[in-house]
Amino acid sequence: MGTHSEEKNMITEPLLINKNPKGGLRTLPFIIANEAFERMASMGLMPNMILYLCGEYNMETTAGTNVLLIWTAATNFLPIIGAFLADSCVGRYPMIGFGCITYLLGVVLLWLTTILSQAQPPACDQLRSDCESATWSQLMLLYSALGLMSLGGGGIRSSSLAFGAEQLEKGDENKSKGALQSYFSWYYVSVLASSMVAVTCIVYIQDNLGWKVGFGVPAVISLLSALSFFLASPFYVQSKANTSLLTGLIQVLVASYKNRHIKLSSQTTEEMYHPRKGSMLLVPSENLRCLNKACIIKHPGQDSTPDRRASNPWSLCTVDQVEELKALIKVIPLWSTGIMIAVTISQSSFPVLQASTMDRHITPNFEIPSGSFGIFTIITVILWIGFYDRILQPIASKIRGKPCQLRLKQRMGIGLLFSTASMAAWAITETVRRNIAINEGISDDPRAVVKMSAMWVLPYHVLSGLAMAFNMIGQIEFYYSELPRSMSSIASALHGLGMSVASLVASFIMNAVDEITKRGGKEGWIPSNINKGRYDYYYWLLAGLNMASFIYFLACCKAYGPCREEASEALDEKDGMEEEC
């Protein structure tokens, strides 16, 4: 009777049956919280870090900025390495777990530098030129903390988004697709929300309660990040690692080199190619023909197994692998056009120094922390995306009577122009600020506050936000639309790689400018005393480089040809004209 009753309950209440005890929606809040807390801790430390390095470690402005640029480059590059390791040999769950523990150790180590008196050089007035520099051991402790944070962040960011999507792959396909879209939306909302909390609340705590409390808060947040991930461990779906796409691309390069002596005929149909099982792509394209040698079957009975797999994937690749590498090579020139805009956005230290010397009061008793002005960039991005998607685009489509939106390359180009304008606005603000400091007779004191509202920096932040909304978001969509679906992980990695390269390029430009302008015993453009330098000249240089990047972008667009969306629109217009005829 008990068995019959249980069966009856299962029939009348089918929702109580749990076919898949692991994964599902219940795991997503833990994954999202893990990433959100990590971003909050990271973003909460970055804005004021230049003040910490210069004030507590007696670093020159250029030296401190170099440290931050290299740290940023590592933080953006390591997720690519992490993704490769997670996909090919480690797995996503172990990679995120490693990232959580490593990141927590890094933040705690950084927090200890504020507590242990031996971890910093003796306090010194910035007006003096004989301040004692940090010792080798003190710097190693600091750099170890930053390195562990980059390593841990790379482990989390490389796999967090994909690991969450992995929890929704089983079950009803239509329900999973809807849940996946909702998950992506909430994921990015959480990242933006955590960034906003970081640059307001955590930065405010650092300014008003000091470094010990200000760095202790991110340490607690990092602990919450780790706990939120590990608490749901029994419920996670953990797929085994498989061969990564990056390995497949390297195999094409190796195989084409091994087969470099093969002579290709003028007609591609004369060769026998190795297609991927189940793929409709049987013959490679004619562009970059040298790579076609990687998928030529030289010995039909030996090169492939009975189930149509390559006997040695490092000597024979599929047609799909070859075309994936060709697609990646094709987008590289346009990818390189985004480096310069990323260079300007990576100049996060100088806006903090500039705002710290201006009147930041909103009311007589409240002033905005100098590291919190980045919130205006984030707000601009959010407002523009909402305005464009919900207001501007629907109105334009209604007026034209058909879907109307800016093309991807148009958005990327407009973003470069906004980036140029943001640098120009920044340079003008700095010229005015410096002149006021000189006229007030306080140019010798780098900590003096000039009688000029910090709201003057808003045009720079607003224009930077528009540049990001147009160019950087357009870049990501461009990679996803132009690269094959199988390369979605590479498409997401390209943006991080661009930011990493841009940080190194920014460091090179800054060091070159500093070295050249200091020749002959001069002060230079970017000394530690912002009032003594010519930061405005440096910003004008960046504006000029952005304009040069825009011209280069136009040349790359012409060489690239039409995008898929442009080719599709042209085909639709042609079909419409034929129907009218």
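Glycine residues also receive a Cβ, built from the backbone N, Cα and C atoms like all the rest.
Within the set 32-54, 331-353, the record from TrEMBL flags 331-353 under the feature transmembrane segment.
Residues 331, 334-335, 338, 341-342, 344-345, 351, 373-374, 376-381, 384-385, 388, 408-409, 411-412, 414-416, 418-419, 421-423, 425-426, 429, 488, 490-492, 494-495, 498, 563 of the same chain, all 6+ positions outside the transmembrane segment (460-480), place their C-beta atoms under 8 angstroms from a C-beta of that stretch. The transmembrane segment (373-391) shares more Cβ pairs under 8 Å with 186-205 than with any other stretch in the list 98-119, 186-205, 217-237, 412-429, 492-513.
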